[in-house]
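Working notes for the structure below.
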Amino acid sequence: ESNQGYVNSNVGIELARYETTNYTESGSFDTDLARFRGTSDSIHTSRNTYTAADCATGYYSFAHEIGHLQSARDIATDSSTSPYAYGHGYRYEPATGWRTIMAYNCTRSCPRLNYWSNPNISYDIGPDNQRVLVNTKATIAAFR
């Protein structure tokens, strides 16, 4: 799903690898993290072998977290304009509404589209996370 979001938004990067693991979440972040540190050591081995910088999935969460690593911010109502004033997700709220990968949920809940905010793709909007990702992709690729 992450790579498809990059294609949909003309980002020009591709995530190189993913793995699945047989794990049932406990409902507690602290418990899950402790289990990863003691009983799921294969996660750490794979992370080091393949120089992974992030681990997550579900409802575009992995792409969302990668976006933060690349300096993309959540939504334009976030008062921070650093490092990119244009680098926010987008949320459209009339009627049922929708939101891009980085945007918070709508007031009345709305679907998250597998798109990065990009005024040149599907919706004529101002925020432009696609440009943030393009600007930072070489730095991220060279991370590990």
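Each Cβ is built from the backbone N, Cα and C atoms, and glycine gets one as well.
What Swiss-Prot says about this one:
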ACT_SITE  GLU65  active site
BINDING   HIS64, HIS68  Zn(2+) binding site
Please give me the CB contact count at 10 A for HIS68 (Zn(2+) binding site), counting all chains in the structure. 12
Translate the DSSP assignment of the residue listed as 'active site' into the three-state scheme. helix
Would you say which of the recorded positions HIS64, GLU65 has the most Cβ atoms within 10 Å of its own Cβ? HIS64
